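Now, the feature entries from TrEMBL:
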TRANSMEM  153-175  transmembrane segment
TRANSMEM  225-244  transmembrane segment
TRANSMEM  314-338  transmembrane segment
TRANSMEM  361-382  transmembrane segment
TRANSMEM  394-417  transmembrane segment
DOMAIN    426-532  domain 'TMC'
TRANSMEM  437-457  transmembrane segment
TRANSMEM  501-517  transmembrane segment
TRANSMEM  537-559  transmembrane segment
TRANSMEM  608-628  transmembrane segment
Amino acid sequence: FSKGSETNQIRTLAQDTERDKRFFSNSSFGTYNALLPTGLAQKIHRLTEEQILIKELVALSTTEQIRKIRALPVSFEEKKHVRTQAMAFKSSGQSHHFSSLRDFSQNMSLLIRRFGYSIKSVSQSLQLWRGIMKEIGGKFGSSVLNYFVLLKWLLLFNIFSFLVNFGFITIPLLVSDLSPNVSPNVSFRGLELLTGAGYFNYTVMYYGSYSNETFRGLVDYDMQLAYFFTISVYMVLCGLVLIFSMASSFKKNYALADSASNSAWQLLCSWDFSITNEKAVNQRKNNLRIQLKESLSEKAHRERQTTSEQLKQYGIYFGSWLLSTGLAVGCGASIFYLCQYENEVRKTINYPKFRQEAETLLVPFVVSLMNMVIPLFFSLFNKFEQYSSQRKQIYALLFRNVLLRISILGVLCYYWMNTVPQKFTCWEPVVGQALYRLVIVDFIFLMLGSLFGEFLSNVIGTKIQPRLGVPEFDVARNVLEIIYAQTLAWIGIYFSPLLPVIQILKFFILFYLKKVSLTHNCQPPRRSGRAAQMKTIFIFLLFIPFFVGALSIVAYTAWSLTPSEHCGPFRGLNNTFSVTGEWIDDVNKLSSTQWVVWIYQNVIKSEIFYFLITLIILVLIYIFWQLIQGRKELIVLLRKQIVNEGNDKSFLLEKLQNLQKS
């Protein structure tokens, strides 16, 4: 054979050999094959096997082809060559094993799959802040990224809330009455942007401006039912989303790990693969090395710790928790007395109206100041407590900050639900204005904390006191701030249906503000916890106690408090929930809707139904709890089995070495 055409001639000879093989017996064909040179015979044999394989592949479906090609014991290039040959053989029309219908179905499935991938790629490229999220994750890691993911998630909550409220409550009112009922003596002065009072009190911003009428048209539209069911459905949907998100995050991210595996986890599993920045990678390596040294030294210190030292440490814990709890309770009490003092001053001294509106900013200013300053004392307590692990330190700080905010919000809600309805004839807009002011002043303090607090800390740590270093981005504190802000929006949705508009603007600006401050003023946390587990903790805190507390306040308002008699959609009713009773009375007059009346009377108003639901939930909780306990015991047994297998291998190796020596 000539060198240039050797491959083609070998392939032709292989085809002839494959054809002639049918007419020879195995022995005679082996003699024929032996007459050829050794290398040529091997090449012919290889090409013959390749042709047989290609014919087998063509007869298979696409999924089976891929599976069989992957299972071949050859290199990737050879697999790629076989797949190319099979596709070329099929497209050339040499295969007649497939019917045209099967070819068409496979081509259509391929097109649909490619179209699905294209749609998914386009949807990912259109996601809000996708590039910024990748940049933050690459420079600062997953723990910092969790804050921005939660912020984006809460922004979407408020966008949905605004669309629902505006579409089902505000638009019907604007369509029926386009002109706002503003008094001629009232004008917009600018202070309303901070106080929410004045001109805004006569707009659709607050509960008092909504009508209790039924708008007649092509379809009768009852504003009472629309207001009640819109708020109720939104709160229920928020609760369901939070429950499913919490359950999904717990199932995916919460590992059943004991304290003994903590050091192994730090060494083997704590690297954050989302980091791509070289400076962040080097810093992460250094932080991980320091963290391992600290954990080992803390473990050795605990082993050497005497009983007196342990008692001293427990005393420090007790004193810190006593002080932190006292601070939280004291802040709540001081806010309550401040609200009463503000109300007394408003009664006794007749200030100009402009000054009265300005003085309403005192309570939200003090509340925001407490939320900013008191956590600094809690961080100071952590420096004296010296917890054995970073996770315990974060949990203690989180619980103290949650206790502070819950104390303040609880006192404010108690004042709004008990004192305000007795002193104002139209009390719902007053509560809505108070929540509006809290949202606005909280936003101002968040901006000041980012622009000046983190900036000044960076200047002090780099210019004045270099030993302090660049400040860390406190993920726990920042997450609690946006959870607190969202709780205000959830409580205020009944009293101010358009409050989510303010929250959307707040979160949108806050995202870019925090991103700029993070990039220029902060560094990633030196000691990283398990970011996936921290995400689960944050969702849990968002649900319990904040969402549950907000839902309880809205439910108590609708179920127990008497609405104002002169304003709002529920004027003249004993309570908000009684609107459903009036609606059922109207439905009962229609014979075709008796099933709705039966469900309302025998299910919704039945105590037995809720008792059975509670009993079923408790039984399910008990079953899942037993499953968790069984899996924990199984994990313990598997760990013991791993240890025993390791001991068995060590014993066998030792015996084998002894036999080799003898």
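Backbone N, Cα and C atoms are what each Cβ position is placed from, and that goes for glycine too.
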Seg_contact(the transmembrane segment (394-417), the transmembrane segment (225-244)) with at least 3 CB pairs under 8 angstroms, min sep 6: no
The transmembrane segment (608-628): which same-chain residues, six or more beyond its ends, come within Cβ distance under 8 Å? 602
Stretch of maximal Cβ-Cβ contact with the transmembrane segment (501-517) [cut-off: under 8 Å; candidates 153-175, 225-244, 314-338]: 153-175
Kindly report the helix/strand/coil residue split of the domain 'TMC' (426-532) according to DSSP, in that order. 80 helix, 2 strand, 25 coil
Restricted to the domain 'TMC' (426-532), the mean pLDDT of the model is 88
